[in-house]
Amino acid sequence: MSEKPAQPRHPESIRLNSSQPGKAPPRKLALRPYARAVGQVLKVSFKASPGAVIMKVAGSLISATLPLVTTYFAALTTTALAAGYAGDSDAGPRAILYVIITAALGLFWGAFSSVDRYIQQLMSFKVGAIVGDMMYQRFLALEFWRYDDKETVDLYDRAKRFSDSYARVLDRIAAIFTQFVSVVLAIGALLLVSWWIAVIVLVAIVPSVYLQFKLSREQIAHWNTQVDSRRQRRMIEQNLLRPQHIAEMRLYGIVGYLMDLRSRLRDADERRRLDFQKRYIPKQLAADSLQYGAEVVSLIWVVGQIIARAQPVGQFLYVQQIVSRALSTANSLVSSLSSIDEDLANLKDYELFMALPVPSGKEKPLPASPNTVELRDIRFSYTGSDIEVIKGISMTIRAGQHIAIVGENGAGKSTLIRILAGLYRPDSGQVLLDGVDLTTIDVTSWHRHLAVLSQEFLKYEFATAAENIYLGDVDQPRDDDRIRRAASDAEAMEFINKLPNGLENHVSNWMEDPRGRKGSGLSGGQWQRLAMARNFYRDASFMVMDEPTSAIDALAEHRIFTRLFADRSSTIIAISHRLATIEKADIVYMLEDGRIAEQGTHKELVALRGRYFRMFESQLSVDETSQNSP
Ligand SMILES: Nc1ncnc2c1ncn2[C@@H]1O[C@H](COP(=O)(O)OP(=O)(O)OP(=O)(O)O)[C@@H](O)[C@H]1O
């Protein structure tokens, strides 16, 4: 098992995940995978919106060609004007015709651009939504152990980066296509004038392309070494921005400390990025000079040609425009290529992530709620750890039985519940539902009979009080009578009635309903009652409650559990540290270090005067302690 770092005593002792150059080799995309990645992006986009992709290609071609055509007509206009100036009487109408053609082209481009902008936005939205949704679905369907697995989470981070920027990647691909066609057309147009001018321009472009690629590769390598440090920063930011955390952070006076930690992580990351850029400045200047040199040589050549009357006057404008267009578009092409280089490298991670196996859903569903649930010699250790946290536990739970699981922190109680719920698979041993191994059953059909209220219950802050309860059983239409009943059973109705809008009240200060009614924040115990109401609303035959009353006052807890345990229609498995809950159970299992240390009724275990007795001695009544004293 990877050891956790020791608890920091001194500010400096928190380990910053600093950059580790050379930790991960730079991931390179050679030409073929690059093209394949582009093809992949286009395929998904075409599936999402074929019309929009066609429009995008047409738009790219038009925007690559139109400036050249316009330049051509501008050059013809200049030549015609020079001829008119020299006395050619036909040149004037020709120049006017060229001007009108140029204006018409501009008008066409304006109209096309308006429609194109709308279509592009539509397509960005559609493909972005599809790719984002697929990513969410895959993440939420993964086998449960993967959420503990660092490699899966690292892969997810990188894949998410790609999916978040998908729409942008698509725009960049379209821009690259336009820029590429523009450069090719510009070089082609120069070839028509002079082949060696075309070659000079082409040669001047190459160093700049090379430098940009090198820079982007270094930045990708840097990005890959920074995954942990960025995650650390994100976690700090999440702590800093949650209102629930602010009270503790202020009281402990650690806001400034955490801000400083965050700044150090951010600055280390950014500083290295900027360093790369700085190192490239002299090389980039040299590459730029080469480009300017090529432009000057071309212009001197064409001036010489015009003076020698070997070329028409308009040719100066033509060559000047085309050369500068070829160079500037090539530069844009290079920066577009390098900016999607990293995104496309992440596509690989996206594909790997999307290929992670998820449960097939082909297992057979449970025909009905089981009469017995048997845990048979379960052993389990968490992913990446060789410490066994469950060491051969067996127990049988019969429908209608009320069970309590107790034990010290870390004894394995919550882990056992997760195994029973089919979230984790045991390393050995079986969970048997009416004798059938849970691994052969569609686990979602088991979940329909389970209501699990976990220690880390969810607070649906976006929703109203009623919705928080309804989320316990969304497969059925919302039933407000059931919601009220569940809220009453959890003793939540009293505080809900005091909210300005009762059940329809939002339960976060940050929310407001469409009629402008503001939400109200809840206390810890009120949130827990709401979560318990959600658990009751589910109306499942197996009710699992992992320390469900830690924030609820003792009297309310006593009333809730007396009611709950009086009802034999559902099976109850309660994990608790409170005797008031435990003593009502038919059988108590005392866990210690992943094993069942003792089992029996509360009375039997007290009489045993063993571990259970010692653990709860301070909570036992005087009668119980004295009756059993030797
Ligand atoms: N996601 C996890 N990854 C690795 N180890 C874990 C994970 N969750 C729990 N453990 C380890 O498994 C052991 C049992 O934890 P578990 O949460 O089941 O204990 P528990 O009896 O429910 O404790 P508590 O009373 O504090 O809730 C502990 O040693 C804990 O460190």
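Backbone N, Cα and C define each Cβ position, glycine as well.
As stated in TrEMBL, the feature transmembrane segment covers range 95-115 out of the listed 95-115, 200-220.
Per TrEMBL, the listed range annotated as transmembrane segment is 53-75 (candidates: 53-75, 283-305, 306-328).
Among residues of the same chain six or more beyond the transmembrane segment (53-75), those with a C-beta under 8 A of the stretch's C-beta atoms are 42, 45-46, 98, 101-102, 105-106, 109, 112, 115-116, 119-120, 123, 174-175, 177-179, 181-182, 185-186, 189, 314-315, 317-318, 321-322, 325. Mean pLDDT for the domain 'ABC transporter' (373-618) in the predicted structure: 90.
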